[in-house]
Amino acid sequence: MGLLQLFLVVGIFCASSVVGFGVDPALRISVFDELTLGEGFDGVTQVQGFHSESRAFHFQGSSREVVAPVEVSEQMVQKLRGKNEFTVLVTLKQDHLNSGVILSIHHSEHRFLELESSGQRSEVRLHYRTKGQQAHTEVFPYSLADDQWHKVSVAVSASHVILYVDCNRIYERVVEAPYMDIPEDASFWLGQRNAAHGFFKGVMQDVEILVMPQGYISQCPDLNRTCPTCNDFHGLVQKIMELQDILAKTSSKLSRAEEKMNGLDGCYCERTCSVKGVVYREDEGWTDGCRNCTCSNGTVQCEAISCPPPQCPAGTAPAYVKGACCKECQPICLFGGRELVEGDEKAVRDSAGRCLLFECRDRTMHRVVPSEPCPELNCAESEQIALSDRCCKVCRGHDFCSEGHSCMEHSDCVNLEAGDCCVCKDGFRPLRDDNSYCEDIDECAEGKHYCRENTMCVNTPGSFMCICHTGYIRIDDYSCTEHDECLSGLHNCDENALCFNMVGGHSCSCKPGYTGNGTVCKAMCDGLCQNGGTCVSPNNCVCQQGFTGKRCETDINECKTGRNTCANDTVCFNLDGGYDCRCPHGHNCTGDCIHDSKVKHSGQIWVLDSDRCSVCSCQAGQVMCRRMVCDCDNPNADLFCCPECDPRLSSQCLHQNGLLTYGSGDTWVENCQQCQCLQGQVDCWPLPCPPVDCEFTVVPEGECCPRCVTDPCQADTIRNDITKTCTDEHNISRFSGSSWIKHGTECTLCQCKNGHICCSVDPMCL
């Protein structure tokens with residue numbers, strides 16, 4: 001099939017389930033443990049956390065420097081370097097309205113990974129650098145700075161980002177993929193961006209980075225774990241691009257080979273066989289281990305050597321000799337009632353307990369004097385083993401195979417308790433009884449394969465392959481069919497079902513969360529949706545007005561929740577699915593309000609007891625609340641609610657360059673970000689850019705927002721369309737976004753941009 005069809009098929013079958021979950025310690029970065037937090041960091045104290053299973057720390061003040069030492073930072077960064085799948089986890093309780101950095105990995109001014117929470121703007125921000133070496137900030141509108149505990153995780157898989165808060169999926173986005181080639185001297189900060197900015201204030205617990213795409217499951221094990229990750233898909237696309245490069249290079253080599261072959265028309269060519277670096281001519285024979293081989297028409301043909309039983313005279317016994325396949329008669333020695341052949345060694349102990357080593361040579365046992373003492377063992381005496389063929393003991397689990405063995409090709413050496421033995425690899429069988437020599441099993445010829453309809457069995461070393469007949473397409477490793485009804489859309493599966501192609505047809509199976517026969521699938525809800533609710537997707541009921549709950553089983557008490565319009569002293573009475581406003585006997589319903597069990601008269605204004613920054617008023621029987629309006633000209637302004645009115649020096653902020661100071665409430669623009677000083681804290685967020693709806697964009701030098709361009713070769717960002725491919729100089733189709741070295745050059749890099757080929761020369765390569 002074509003590359004585009006393969007691309008689409010892979011996209012369909014990428015949705016597979018993730019089975020099981022476990023975190024390899026090599027993939028976990030426990031930031032508290034790596035920094036040995038609690039030892040010598042000012043402004044950081046250990047406190048009671050969200051749970052008691054791990055340590056929690058309170059971050060306070062603005063004079064701390066929680067940064068990892070150089071060697072510790074490199075150990076943590078090494079696990080992240082070059083990875084495009086990772087998850088940042090933290091459990092936190094952030095002070096009200098605080099804006100601070102949870103963790104930051106940066107080099108100079110380049111932030112490679114930084115997670116920030118802004119209480120001033122109720123945002124969570126993920127800062128990183130893209131593969132185009134551009135700074136990028138992904139903003140998620142959400143408030144964590146409410147002095148409440150939250151479980152937070154940000155999962156990144158290539159260009160796929162998911163934000164979870166308290167085990168709820170809040171945002172899921174497709175972004176530019178992060179560039180994680182982090183320099184070796186990058187710094188790792190916790191609870192701040194650097195020594196002067198981004199101070200997080202509050203409590204943090206379980207700060208971890210897991211080098212895996214679905215690490216949030218370790219924080220919330222009950223979450224559904226569904227693949228695919230975008231990295232799986234992008235990885236396959238990358239492999240296809242690499243195959244395109246291989247195809248282009250192969251085409252070039254084939255072209256040169258054809259040119260050379262054209263000059264060989266007048267030559268006589270003899271087909272030869274090359275085995276292990278040795279070239280054999282036609283009909284030439286040789287012995288390969290336990291096989292006699294012949295070169296026939298360029299193909300190696302081998303037969304196993306048949307070993308007749310040796311007829312050994314007295315004083316000899318059959319034994320294997322190095323370099324020979326069959327047993328040969330060898331002289332024997334009698335020692336301790338046992339027969340030993342030439343070269344065998346035997347260790348015995350005398351009456352004094354000393355070990356003596358003897359070797360069978362020329363039918364006589366000769367004493368062998370060791371040339372050096374036994375090596376010192378690093379294991380307990382109970383773990384030491386005495387051997388029959390040497391005086392020196394060894395530790396249990398000793399690697400005998402590393403001392404040399406007789407296992408040849410297709411045979412593996414396996415360590416035993418007191419020696420080693422040979423075992424044939426899978427798909428091979430022994431040619432002699434000690435398994436030193438093994439031959440391939442031809443599963444195709446012997447009928448030991450699983451190839452089914454429309455396939456041909458092809459033997460391979462140690463295994464076999466099932467090749468589809470011409471005109472058929474593969475279903476699985478063992479069977480092929482004439483048509484793929486699932487891919488072509490010629491099936492009757494429900495839109496909420498999975499289609500499986502089979503020989504002669506297809507089958508349908510409802511997706512998880514749906515029930516039916518595959519052609520008709522309906523969403524499943526555990527128990528019927530109550531009170532008129534409708535099941536619209538798995539375990540998701542849409543409730544009628546006035547009801548709530550997973551199954552719409554709970555009546556909303558509009559009177560208690562304040563979700564009613566009763567006014568003018570009328571009293572709210574809750575009803576199933578609604579409410580009623582009634583005027584009490586003896587009242588005239590003048591428009592007074594009831595707030596916190598207190599009567600507030602119409603037109604009355606008051607400050608909330610629970611939030612001194614909110615002002616409420618009673619208007620025609622309804623309570624209206626809003627944030628306090630700040631008047632900095634008023635000398636009695638509440639600085640807690642109006643930090644921008646604070647003139648004190650402690651409320652000033654330092655510019656990023658360290659040369660300018662700003663008062664509380666001042667704003668400025670730095671590196672395409674809008675910054676504001678509030679009570680001594682600097683909070684910055686990306687400048688808003690108008691949306692651009694075009695195929696090619698570029699950010700001009702000195703500007704912050706992208707602009708549309710018509711020339712694709714000038715664009716630094718393109719909206720890739722996989723249907724718009726390019727044809728290179730070898731007539732190879734290239735996907736949009738792929739790049740390759742131009743044929744015949746070493747320094748010209750070409751890239752496909754939505755059907756347009758853009759090439760440029762790297763001056764550093766010349």
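Any Cβ shown, glycine's included, is placed from N, Cα and C.
Feature list (source: TrEMBL):
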- Cys525-Cys535: disulfide bond (DISULFID)
- Cys543-Cys552: disulfide bond (DISULFID)
- 54-227: domain 'Laminin G' (DOMAIN)
- 271-330: domain 'VWFC' (DOMAIN)
- 440-481: domain 'EGF-like' (DOMAIN)
- 482-522: domain 'EGF-like' (DOMAIN)
- 523-553: domain 'EGF-like' (DOMAIN)
- 555-590: domain 'EGF-like' (DOMAIN)
- 591-646: domain 'VWFC' (DOMAIN)
- 651-709: domain 'VWFC' (DOMAIN)
- 1-20: signal peptide (SIGNAL)
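Cys543 (disulfide bond): 21 other CB atoms within 10 A of its CB, across all protein chains. Tallying C-beta pairs under 8 angstroms between the domain 'Laminin G' (54-227) and each of 440-481, 482-522, 523-553, 591-646, 651-709 places 651-709 first. Here the C-alpha separation of Cys543 (disulfide bond) and Cys525 (disulfide bond) works out to 13 Å. If you take the Cα of Cys535 (disulfide bond) and the Cα of Cys552 (disulfide bond), they are about 10 angstrom apart, rounded to a whole number. Same-chain residues lying 6 or more positions outside the domain 'EGF-like' (440-481) and placing a CB less than 8 Å from one of its CB atoms are 1, 410, 425-429, 501-504.
Secondary structure of the domain 'EGF-like' (440-481), assigned with DSSP and counted as helix (H, G, I), strand (E, B) and coil, comes to 4 helix, 17 strand, 21 coil. Sequence-distant neighbours of Cys525 (disulfide bond) (same chain, 6+ apart, CB under 8 A from its CB) are Cys535, Pro538, Asn539, Asn540, Cys541, Arg551. Ranked by Cβ neighbours within 10 A across all protein chains shown, the disulfide-bonded residues Cys535, Cys552 are led by Cys552. Residue counts for the domain 'VWFC' (591-646) under DSSP, split into helix (H, G, I), strand (E, B) and coil, are 3 helix, 21 strand, 32 coil.
This prediction places the mean pLDDT of the domain 'EGF-like' (523-553) at 83. Helix, strand and coil counts from DSSP across the domain 'VWFC' (651-709) read 1 helix, 25 strand, 33 coil.
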